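The structure appears right after this line, and notes come after that.
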Amino acid sequence: MDLIGLLKSQFLCHLVFCYVFIASGLIINTIQLFTLLLWPINKQLFRKINCRLSYCVSSQLVMLLEWWSGTECVIHTDPQAYPKYGKENAIVVLNHKFEIDFLCGWSLAERFGVLGGSKVLAKKELAYVPIIGWMWYFTEMVFCTRKWEQDRKTVSKSLLRLRDYPEKYFFLIHCEGTRFTEKKHQISMQVAQAKGLPSLKYHLLPRTKGFAITVRSLRNVVSAVYDCTLNFRNNENPTLLGVLNGKKYHADLYVRRIPLEEVPEEEDECSAWLHKLYQEKDAFQEEYYRTGTFPETPMVPPRRPWTLINWLFWASLLLYPFFRFLTNMISSGSSLTLASFALVFFVASMGVRWMIGVTEIDKGSAYGNIDSKQKRSD
């Protein structure tokens, strides 16, 4: 390991990133709270301000991927469709197999200049999580309980509010609902067999209702579906901890632009269309494992400097008082002060490890458990 690689793997560096992210995030959440005063006066101004505040938070994670880790992502796509990316609203359907696939989705949005306004379909519990969850709440993210009878009205209502959204956005959705594991895949294919659906080798059975209601609610506002299929070269198994340690990964992302007019409006037909899409995604993955590449022309969108500039701004604002506080604590020589410092350091260490742990594949949802298997419906 070279000197820079060794430096990137040190916990002190991780602690700095964590501190800047948490401190800046709480400051931004506080500012967002005050922007609520604008909602009854000028809703569109409220939205534009919160798009930019949201960017200040989410871009820090993208900065880790693109600048700290240096991960490369080659996009394979139709050259005629490429100029439209970032110039239109789109529903992005991304496979859900890797711990950092959500980061790759955010990186895609950042490369085309729509990260601040982009949306996801997220679990309702995340709305109560400080920083990310609160940020999502103020940017009108769509939350669901994964109980369809409850979600039918609430999700549709949230989506309809986005019809007059003033910023361009990608609506990122993982139709599989949870990350791919062999156990989950086995259970998923049992469900597919019971429903008479074709088996998938590299994906879980997609959950169609959320996709169908998204298409129906955003029709004539969203121009296309971007079918995105992600994989990594040389059988790399990327993790958030690896990104934090500065490990460089090499991603390939196949992006197909499908005009929304080609997606059926009726729920049953839309569900059948999505199942067919996932069979095609499976075939693309099969070809990738066989040849090491996706179809279409490989392109690398330029890395924008704003994620790095944003992090440097917050770091310069927050690190000086932080290190001055630590210096004063250590130089005081008080046993109680030093013990308090050790406790804070320990808690911070556990916090960093917890934040990383929640992204690990084996700590995902309970999908596939024996108790939930009988209850799962499409």
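Positions of Cβ are set from backbone N, Cα and C atoms, glycine also.
Copied from TrEMBL, the annotated features are:
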type	residues	note
TRANSMEM	12-39	transmembrane segment
DOMAIN	90-212	domain 'Phospholipid/glycerol acyltransferase'
TRANSMEM	308-326	transmembrane segment
TRANSMEM	338-356	transmembrane segment
So, by DSSP, how many helix, strand and coil residues make up the domain 'Phospholipid/glycerol acyltransferase' (90-212)?
58 helix, 17 strand, 48 coil
Roughly where does the domain 'Phospholipid/glycerol acyltransferase' (90-212) sit in mean pLDDT, to the nearest integer?
91
